[in-house]
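Student: My questions all concern the structure below.
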Amino acid sequence: NWSGSLIVASLTGAFGSSFLYGYNLSVVNAPAAYIKKFYNETWERRYGFSLDESSLTLLWSITVSVFAIGGLVGAIIVTPIVKFFGRKCTLLLNNVFAVTAALLMSLSFLAGSFEMLILGRIIMGVDAGISLSALPMYLSEISPKEIRGSLGQVTAIFICIGVFTGQVLGLPEIFGQESRWPYLFGAIIVPSLIQIVILPFLPESPRYLLLERHNRSKAEKAFQTFLGKDDVSHEVEEVLAESRVQRNTKLVSVLQLLRTHAVRWQVITVVVTMGCYQLCGLNAIWYYTNNIFSEAGINHETIPYVTLSTGAVETMAAVFSGLVIERLGRRPLLIGGFGLMVVFFAVLTVSLTLQKTVHWLPYLSIFCILAIIASFCIGPGGIPFVLTGEFFQQSQRPAAFMIAGTVNWLSNFAVGLLFPFIQGGLQTYCFLVFAAICFAGATYLFFVLPETKNKTFNEISQAFAKRNKVSLEMQEMNHYPGERKSSAEQESNFTSSVDNGETKKGIV
């Protein structure tokens with residue numbers, strides 16, 4: 001099932017998209033002191049006095065947090081973009097934001113303008129907001145259902161690789177020096193250029209071509225390319241079966257999706273999983289890492305190299321999840337990941353509270369940090385993106401990803417805004433807050449989430465039908481009210497509309 005074109009499409013799409021998201025999460029950590037110095041010197045040169053410590057901290061906090069604001073903007077605008085341009089072309093056009101942001105941030109030091117760096121972070125956030133919706137959408141639509149989960153995990157794997165790459169390039173021997181930190185941001189251009197060169201030679205999503213562009217011939221060619229076989233009649237028929245259930249392919253708006261009773265629990269589940277994805281406390285772990293390593297007696301100069309272990313563990317856990325997701329399923333990995341995080345957050349709280357009384361407890365804290373990171377990447381780190389692509393029909397998917405992206409980025413911003421206050425008030429007990437969130441998420445998923453492994457989109461809809469209090473037949477009526485026709489007549493109407501890309505008859 002893994003054709004060469006499918007592998008190239010997933011790797012190229014992820015390298016120029018989710019990789020950059022992960023990279024920009026970690027790239028600001030290593031040069032933070034040098035960038036703050038640049039801010040202070042620029043301010044003093046302009047206004048004749050230095051920034052006080054609180055103002056400098058505020059300016060730096062804005063630089064870090066505006067990435068999430070840009071991400072929210074990207075998540076909001078992605079729906080009309082993927083509708084008009086398609087999935088692949090959206091990924092290609094998104095590189096305009098990445099290249100523009102890279103140039104602004106890398107040239108800010110030379111131009112003596114910290115505003116360029118802040119503006120670049122916002123634009124880079126827009127790129128991330130678009131890519132984290134368009135990429136999972138593209139991957140879910142080009143992959144066979146037998147490997148849809150594994151291919152979807154490519155998004156999470158490349159986020160982890162991006163974080164790890166940012167840590168490596170930030171080492172003092174590479175770009176982690178005062179004179180070289182702009183190169184950290186200039187390096188963003190490389191993945192974008194690689195994607196611009198390779199992705200145009202790969203097909204658009206066949207489901208998009210068939211259901212939204214009504215071009216059967218191009219859709220068949222795309223299926224043949226991605227699946228590596230000539231006979232794709234079964235795959236085309238599977239998509240046509242979905243179209244018969246939908247009865248037309250008019251895209252649903254966010255408001256319409258929220259009002260649709262037949263997908264109510266799918267929407268709630270996406271909101272819960274994406275909210276827990278950001279609120280589960282992994283950002284807090286990154287905040288504490290250096291302090292915990294220092295308490296364990298690790299030399300300050302050695303800490304950046306030891307921190308690489310967190311990125312390595314994150315990457316290995318994500319790869320492991322991608323290898324086993326089609327065997328174990330989404331449900332046990334997601335629930336198990338949140339459950340393990342609860343356990344290790346509790347142990348970490350105890351070890352941090354008592355580490356000054358027992359000499360070996362700091363090492364237990366290090367183990368807990370690595371275990372929490374691994375638990376997150378095994379399930380919660382990537383499966384929410386996979387589920388968002390699996391829960392909804394073609395016409396609902398862009399709106400669903402917009403909802404998921406909005407929840408993701410608002411939660412990201414909330415963590416960045418509120419965590420310092422939570423940490424200041426609760427100290428080491430702040431991790432119990434995250435343990436409670438993980439426990440609530442795991443409990444909800446245990447009772448609500450069905451297994452979606454190796455199921456078609458219609459079968460997944462049927463799994464939710466009982467909870468939504470509608471049958472599959474009622475889902476048809478709920479989605480698209482109107483006079484019902486026989487399946488044979490519906491198929492005839494649809495087939496007449498996708499003959500070699502020329503619309504001949506409207507879909508009833």
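Every residue, even glycine, has its Cβ placed from backbone N, Cα and C.
Curation plays no part in TrEMBL annotations; they are all automatic predictions.
Since this is a predicted model, take the numbers as computed values, not measurements.
Features from TrEMBL:
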- 10-453: domain 'Major facilitator superfamily (MFS) profile' (DOMAIN)
- 58-79: transmembrane segment (TRANSMEM)
- 91-112: transmembrane segment (TRANSMEM)
- 118-139: transmembrane segment (TRANSMEM)
- 151-169: transmembrane segment (TRANSMEM)
- 181-202: transmembrane segment (TRANSMEM)
- 267-288: transmembrane segment (TRANSMEM)
- 303-325: transmembrane segment (TRANSMEM)
- 332-354: transmembrane segment (TRANSMEM)
- 360-387: transmembrane segment (TRANSMEM)
- 399-420: transmembrane segment (TRANSMEM)
- 426-449: transmembrane segment (TRANSMEM)
- 481-508: region 'Disordered' (REGION)
- 489-500: compositional bias 'Polar residues' (COMPBIAS)
Student: Using a Cβ distance cut-off of under 8 Å, indicate which of 91-112, 118-139, 267-288, 332-354, 426-449 has the most pairs with the transmembrane segment (58-79).
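Tutor: Checked against 91-112, 118-139, 267-288, 332-354, 426-449; highest Cβ contact count belongs to 118-139.
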Student: Would you confirm whether the transmembrane segment (426-449) and the transmembrane segment (303-325) meet the contact rule of 3 or more C-beta pairs below 8 angstroms, pairs 6 or more apart in sequence?
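Tutor: Per Cβ check, the transmembrane segment (426-449) does not touch the transmembrane segment (303-325).
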Student: Quick check: do the transmembrane segment (181-202) and the transmembrane segment (399-420) share at least 3 Cβ pairs under 8 Å, counting only pairs 6+ apart in sequence?
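Tutor: Contact between the transmembrane segment (181-202) and the transmembrane segment (399-420): absent.
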Student: Return the stretch with the most CB pairs under 8 A relative to the transmembrane segment (399-420), choosing among 91-112, 118-139, 303-325, 332-354.
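Tutor: By Cβ pairs under 8 Å, 118-139 leads among 91-112, 118-139, 303-325, 332-354.
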Student: Taking pairs 6 or more apart in sequence, does the count of Cβ pairs under 8 Å between the transmembrane segment (303-325) and the transmembrane segment (360-387) hit 3 or more?
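Tutor: Yes, the transmembrane segment (303-325) and the transmembrane segment (360-387) are in contact.
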Student: Give me the mean pLDDT over the domain 'Major facilitator superfamily (MFS) profile' (10-453), rounded to a whole number.
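Tutor: Average per-residue pLDDT within the domain 'Major facilitator superfamily (MFS) profile' (10-453): 89.
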